[in-house]
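This report concerns only the one structure given below.
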């Protein structure tokens, strides 16, 4: 009798994706983040669903409803903090996943990479609209500042902003539609993730060496299922440590003050995972220029396959490129720090230098270094 998992139309898909999938035998823990992102997404959808049962998307009651969830709903506080800190975990995994792709040259899988970039944008959009929902001071002013950036678009900018707001300022209409977006986007992310996986399974996984591994494949189950379960357990441990010991560590105290359009907080800043992009935005004194730099800082990822000049796929055997990669990581950490600092000397200058270095490394230094390394191979 044939195994049902190999014949049943639905089970066959699951089998080919998670059980009998041929996987390289040497993929390291850096390949765990894909499955961890799946775990994060499921966790966010489930906690979000339970929060939505008690949340009201009205300017008069939104803040109170979040307070009600934390104080009166059974285990509401843990659901709320798992959702808020789950977003931080999501972004940590995302950054690691993208970093892995850059380091090991996974961007040469064009379709997979491009859908990944679209996924990154979608997750960022979801996190942004979600941050507005508690309707605290930082929610309100964050929404005002970031949506206002669209007014920098020539000719249609102002109309576009008012269309998104549903009025002449961030108000009830804005909050209601942001809740609608925040509810629908995770399901779009789930669908995109499936397409991401579909394209990945067309080519098979990359591996740390960047060399084709067709000659040395092992079944995904049990080898990588057990490895992914370990990763998921560690992720859960780290998340629950955060939730149970310092749930507000990554949040902004200003968001515990109800939104007040008449009182601007001294330092408007987004959540930590947007700070690097926010620093790039602020480092350019011109509004449109800042917006373009902000979008380019993420959109630049699409250019990675075009900027790859090396004869080798992975950075594993390219020490100079490795140095540049880690300088880029340090630069992004510097930008994240600057994004949370007030706009004054010396932070402005550091931010501008770090922003220039970011684009310089990706657009100039990395391709040039790769070419030099190609020539060194001839020696």
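Using the three backbone atoms N, Cα and C, a Cβ is placed for every residue, glycine included.
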Among 11-32, 55-76, 77-98, Swiss-Prot lists transmembrane segment at 77-98
Quick tally over 33-53, 113-133, 347-367 of CB pairs under 8 Å to the transmembrane segment (77-98) gives the top stretch as 33-53
- Message: Does the structure show the transmembrane segment (113-133) and the transmembrane segment (288-308) touching, where I'm treating 3 or more Cβ pairs under 8 angstroms (sequence separation 6 or more) as a contact?
- Response: yes
Residue 196 (heme b b566 binding site) sits from residue 83 (heme b b562 binding site) (Cα to Cα, rounded, in Å) at a distance of 24
Same chain, |i - j| six or more, Cβ under 8 Å of residue 97 (heme b b566 binding site); the result in sequence order is 33, 34, 37, 116
